[in-house]
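Engineer: Annotations for this protein, taken from TrEMBL, read as follows:
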type	residues	note
ACT_SITE	S50	active site
ACT_SITE	K93	active site
DOMAIN	24-105	domain 'Peptidase S26'
DOMAIN	117-151	domain 'Peptidase S26'
TRANSMEM	20-41	transmembrane segment
Amino acid sequence: MPSKTPFVSRLGQTYSGHKFSILVKVCQLFAAAHFAITYLYSWGPTTGPSMLPGWEIWDRGAFVSYLHRRGRDIKVGDIVRFKIPISDGNAIKRVMGMPGDYVLVHGPDSGRNEMIQVPKGHCWVLGDNASASRDSRLYGPVPLALVDGKVLYQTGSWPWQWQKIMKIKNPLEEE
């Protein structure tokens, strides 16, 4: 009859072939995925006409980098996702002004020339389709603390059109 090994002497052993090794690997995978989704990148569906014509509105998604959270390395012309200051939910809009910049309050097509200086710690966002967009013209400058991240890619809907990935380019940057 083989002798039973005491529990303490088995603590240092490796369990590479043990049935719990799969469970440990699955837990590590979920932990890594959770870290990536929470702190690095996310993907989510988009709807609405506010970013036409540059964005198709149906069956599309946005790949967002959380590395640009709270306005970090955001420039005028970038597209950002942020929490809407006056209601629940998120929005995706183009940054038109950063702290200290002067922007037209009602947009260039309004015929009104009222300007405002974007306050410290805020940004001014507008939809590309101004007539169908609720943006800083409605709720004022957006606190940079509400910026979730920068939109890097527009994608097709998951999983059927995932291969349609388009990099988002800032129109103010040279290639």
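Note: Cβ is positioned from N, Cα and C throughout, glycine not excepted.
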Engineer: Could you pull out which residues elsewhere in the chain have a CB under 8 Å from any CB of the domain 'Peptidase S26' (117-151), counting only those six or more residues past its ends?
Structural biologist: 42, 48-55, 62-71, 73-74, 78-86, 90-103, 105-107, 109, 168
Engineer: Would you kindly give the Cα-Cα distance separating K93 (active site) and S50 (active site), rounded to the nearest Å?
Structural biologist: 8
Engineer: Should S50 (active site) be counted as helix, strand, or coil on the basis of DSSP?
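Structural biologist: SS state of S50 (active site) = coil.
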Engineer: Just how many other Cβ atoms lie inside 10 Å of the Cβ on S50 (active site)?
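Structural biologist: Step by step: centre on the Cβ of S50 (active site), count other Cβ atoms within 10 Å, giving 22.
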Engineer: Could you tally the C-beta atoms, other than its own, that fall within 10 angstroms of the C-beta of K93 (active site)?
Structural biologist: 24
